[in-house]
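K.L.:
According to Swiss-Prot, the feature active site maps to HIS63, ASP105. Sequence annotations record features per position, and here Swiss-Prot assigns Ca(2+) binding site to TYR43, GLY45, GLY47, ASP64 based on similarity to another entry. Here Swiss-Prot flags CYS42-CYS131, CYS44-CYS60, CYS59-CYS111, CYS65-CYS138, CYS66-CYS104, CYS73-CYS97, CYS91-CYS102 as disulfide bond. If you look up Swiss-Prot, you'll see 1-16 marked as signal peptide.
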Amino acid sequence: MRTLWIMAVLLVGVEGHLLQFRKMIKKMTGKEPIVSYAFYGCYCGKGGRGKPKDATDRCCFVHDCCYEKVTGCDPKWDYYTYSLENGDIVCGGDNPCTKVVCECDKAAAICFRDNLKTYKKRYMTFPDIFCTDPTEKC
C-alpha cells in the first residue's frame, strides 16, 4: 500500500509541505529522501506497523506519532514557513497548526541526521509484510 502512495506522489508531483520535508531531510543528511527513506523499515513512508527496525525507523515512528497530534490542518499537504540559519532549521509563520507540522518535520530530519551512522541499507526497501511484531503505541 505504501508503495502505491509513494508512486502516486511521484506521478502527480509533490505539493504542499512534502516537498519542504524532502528539502529538510536532504539538507540535514545529504541523502535523497525518496530513495533513502521512502521505503525504509516499517514506518518510513506511508503507514506503519510493528516495531521500528532501528533508530532511523524509530525517527519515522516518532514522526508519525507527531502527525497524529496535529489538528486544524493537513500535515501532508499544507505549506509551512521555515528557514535555515547557520545550518539550523527554524520554523516560522503565524499559523500554529502548520508551525507544529514544521516542528514535526524538523525533528525527523534532525533525527535522521543524528542516526546516519546506524542507517542500514538492508532496510531501504524493507517489505512491510515483515513488520509483524506487535505495533507500539505513541
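Note: Cβ is positioned from N, Cα and C throughout, glycine not excepted.
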K.L.:
Select the closest residue to CYS131 (disulfide bond) from the following recorded positions, measuring between CA atoms: GLY47, HIS63, CYS73.
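P.N.:
Nearest candidate: GLY47.
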K.L.:
Near HIS63 (active site), which of the recorded positions CYS73, CYS102, ASP105 can be found within 10 Å, Cα to Cα?
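P.N.:
Close recorded positions: ASP105.
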K.L.:
Tell me the Cβ neighbour count for CYS111 (disulfide bond), meaning other Cβ atoms within 10 Å of its Cβ, over all protein chains shown.
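P.N.:
18, counting other Cβ atoms within 10 Å of CYS111 (disulfide bond).
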K.L.:
Can you tell which of the recorded positions ASP64, CYS66, ASP105 lies nearest to CYS44 (disulfide bond) in space, using Cα positions?
P.N.:
ASP64
K.L.:
Between CYS42, CYS97, CYS138, which of the disulfide-bonded residues has its C-beta surrounded by the fewest other C-beta atoms within 10 Å?
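P.N.:
Comparing Cβ neighbours within 10 Å for the disulfide-bonded residues CYS42, CYS97, CYS138, CYS138 has the fewest.
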K.L.:
Please give me the disulfide-bonded residues out of CYS60, CYS73, CYS102, CYS111, CYS138 that lie within 10 Å of GLY45 (Ca(2+) binding site), comparing Cα atoms only.
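P.N.:
Close disulfide-bonded residues: CYS60.
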K.L.:
State the count of C-beta atoms found within 10 angstroms of the C-beta of CYS102 (disulfide bond), not counting that atom itself.
P.N.:
25
K.L.:
What residue among the disulfide-bonded residues CYS44, CYS65 has the most other CB atoms lying within 10 A of its CB?
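P.N.:
Within the set of disulfide-bonded residues, the most crowded position is CYS44.
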K.L.:
Which one is it, among the disulfide-bonded residues CYS42, CYS104, CYS111, that lies nearest to ASP64 (Ca(2+) binding site) by Cα separation?
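P.N.:
Given the candidates CYS42, CYS104, CYS111, the nearest one is CYS104.
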